[in-house]
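Per TrEMBL, these features apply:
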{"type": "DOMAIN", "residues": "3-118", "note": "domain 'CUB'"}
{"type": "DOMAIN", "residues": "120-216", "note": "domain 'LCCL'"}
{"type": "DOMAIN", "residues": "223-380", "note": "domain 'F5/8 type C'"}
{"type": "REGION", "residues": "388-421", "note": "region 'Disordered'"}
{"type": "COMPBIAS", "residues": "400-413", "note": "compositional bias 'Basic and acidic residues'"}
{"type": "TRANSMEM", "residues": "441-466", "note": "transmembrane segment"}
{"type": "COMPBIAS", "residues": "636-646", "note": "compositional bias 'Polar residues'"}
{"type": "REGION", "residues": "636-680", "note": "region 'Disordered'"}
Amino acid sequence: DGCGHTILGPESGTLASINYPQTSPNSTVCEWEIRVKPGQRIQLKFGDFDIDDSDSCHSSYLRVHNGIGPTRTEIGKYCGFGFHMDGLITSKSNEVTVQFMSGMHTSGRGFLAAYSTTDKSDLITCLENASHFSEPEFNKYCPAGCVIPFADISGTIPHGYRDSSSLCMAGVHAGVVSNTLGGQINVVISKGIPYYEGSLANNVTSKAGPLSPSLFTFKTSGCYGTLGMESGVIPDSQIIASSILEWSDQTGQVNIWKPENARLKRAGPPWAAFISDEHQWLQIDLNKEKRITGIITTGSTLAEYYYYVSAYRILYSDDAQKWTVYREPGMDKDKIFQGNTELYQEVRNNFIPPIIARFFRINPLKWHQKIAMKVELLGCQFSIARAPKITMPPPPPWNRNDDKNDDSSDDSVKTSLQTDKTTFTPEIKNTTVTPSVTKDVALAAVLVPVLVMVFTTLILILVCAWHWRNRKKKTEGTYDPPYWDRAGWWKGMKQFLPTKSAEHEETPVRYSSNEISHLRPREVPAMLQTESAEYAQPLVGGIVSTLHQRSTFKPEEGKEASYADLDPYNSPIQEVYHAYAEPLPVTGPEYATPIIMDMSSHPSTPLGVPSISTFKAAGNQAPPVVGTYNKLLSRTDSTSSAQAQYDTPKGQPGPAAADELLYQVPQSLAHSTGSKDEPS
C-alpha cells in the first residue's frame, strides 16, 4: 500500500512513493518489478530522495535488486534526508526490483525516480526544468509517466513555456513526446515574455503564467500544419456523419447542423448528431494519404447550446471500408482521447506515432447534453521513403523455383506490413539523404539567398540610373542642346584643344560690294559661315570680318545658347543660322535691317537725340551719339519694301576704326527725318 505515481513503459518509466511530495505514511511498503527487452540493461535515476534515517535505514529505506524473484541480488540500500545520489544505478540484466519500506517516522517526502534502458545516456526525471541547464540548446531523454499532478507548466506552443515548467511535462503538452512511451526532446532556451497563456492539450493543463527571465521551446519535425477543415481546402462533400441534427425552433425556422459545419473557428452552429450514443461518428476524407499528427476540437461555440464531446476514439482507413482503431505502441487497448471540458475552449491531442491514412473518423464516447463539435486536423503531406539503390553483381540464371521463392517472400513482406498496420503506424524515417547531400543542401540554402540579394541590388541600381538619366533629360528642356553641347562646357574644354594658328585667326574674310550685291538675302549668312565663330557678325561697309573665339555679344537673359533653336521667322529655305546677330529677313524686320535709301537726301540726325541700341557695347564705354555716316551697302533685292537704317558702326577712334569694326548698332526709326527714296 506504499506505491505512489507509477508508469512502467517498455523502455522507460517513472515511480514514486505514496503521497509524494507530501510526507509518506507510516508502516507502508511497495515493490516495483521492472522489465525491458532481453539483452538490454536498466539504469535508475532519482529526482528527489527524502527518507527518514533515524534508525540507520533499519525500518525506512529504499532497496534496489538485480533480477526479479527469489534469485534476485541486492545492488544497494539507501536512506537519508535530502540524500543526493551522483550518477545512475545500473543493473546487470534486463530485470530490476525496487522495494520501498516506510516505518515509524515524522517527516520525509519519500522519493521520485525514473528509469530507462542504458542506451539513453541523457536520461532526466520528470522534476527537471529549464533553469537547471545553462546551455542555450540541449537534447535530453524524458521517461514515460511525466504527466504528474504535483508538477506545473505555464505556456503553450508556439509561443513557448516558462522556464520554471517541467521539461518533460511540457514536452507531453506540446506533443513532442508521449506520456506512455517517453522520448527524446530538443530544447531551445530564449528570452522570456511578459505573459504565458494556458491551454489543455494531451491531457495536460497548462496554466497562465507571469513574466520570466527566459522560456524554452522544442525543435520538431514541423509536421503540425492544418489540413484544410478551417480553410476550406477540404470540400463539404468530403465531410460526412452518421446522423444530422435537424429541428425547428419556436419561430418555426428549421435548423440543420450538418457535417460541413464542423469546421474549427467557423462562425455558426457545429455538427451535431441526431441521436447521442456511442455509435455516432464524423468522417473526413483527405482525398489522399496524409501524415496526421494531431486534432483540435471545440464544442458548439453557441452560448445557448451548451453541447460538447468530452471523450472520443479515433479510427482511420485507406478505403473507408476496413477501419483501424488508434492504439499506442505496445498497448492492447484503444486509446481514449480527452475532449473538451466546456463549449468554447480549443483542446489539442497529438498522435505519437502519427497516423498515415486517407479517411479519418471521430467516434464520440462521452458528451455533455448532445454530441456536437468542430474540428481541425494537424499534419502534413505523406511521401513514401525509398531505400537507396545498391549496385549488385548480375544475378545467376533464374529458374522457376527461384521465382516461386521470390513471390513467397514478397507475399510474406506484404502480409507483415498489413499486420503491423492494424496495430499502429511506425514512424517512417527518411534514409535516402546521405551526409554529402545534406551538406550540399545546407550550402545551397546559404548561396541562394545571397545570389538573390546581389541580383536584386544590381537591378535596383540600373533602375535608379535610368530614372536619373530621364530626369536629367527633362531638366535640360525639350529644345535645349545636351549638357555636353552647351557653350559654357565648350569654353571650359577649349583649353585642352590645340589652338589655331595666329595667321588663320587674324585673317579676316572679305567680300567686295559687287560680290555681295549679287547675292540673295538668304545666301549672305551662308557665306558668312565659312569660318566657324561663336556668334555671327553683321555686314558693315562691304567688309565682313570673322569674330574671334571671344565674342562681345551677350545672349538674352534667361535663355541659354542653343544650336537647336529654329529661326524665329520661318523661311522656305531651311538653312543653318547662328543663334545671334544674323541678318533677319526683309519681309518683317524688327532690328538690324540694312538701310536702303538715297544718301543725297538723308539729313543728319539731331545732336540732341540719343541713339537706341539693342546691343551692348564692349566694356563700359558708352556708344557715340554723333558721328558721320559710313558708306552703306545697297541691297539689290527688288522684293525689299521695308526701310530701316543703321547707326554708325562702333569702333576705336583713329584712322584704323573703319577696318576694325566690331558690330553695328541699329538706330531708332522714330528719330530719322527726311524723305524716303527708292534705291536706284
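Each residue, glycine too, has its Cβ placed from N, Cα and C.
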Number of helical, extended and coil residues in the domain 'LCCL' (120-216), per DSSP: 11 helix, 38 strand, 48 coil
Mean per-residue pLDDT computed across the domain 'CUB' (3-118): 91
DSSP-derived helix, strand and coil totals, residue by residue, for the domain 'CUB' (3-118): 0 helix, 61 strand, 55 coil
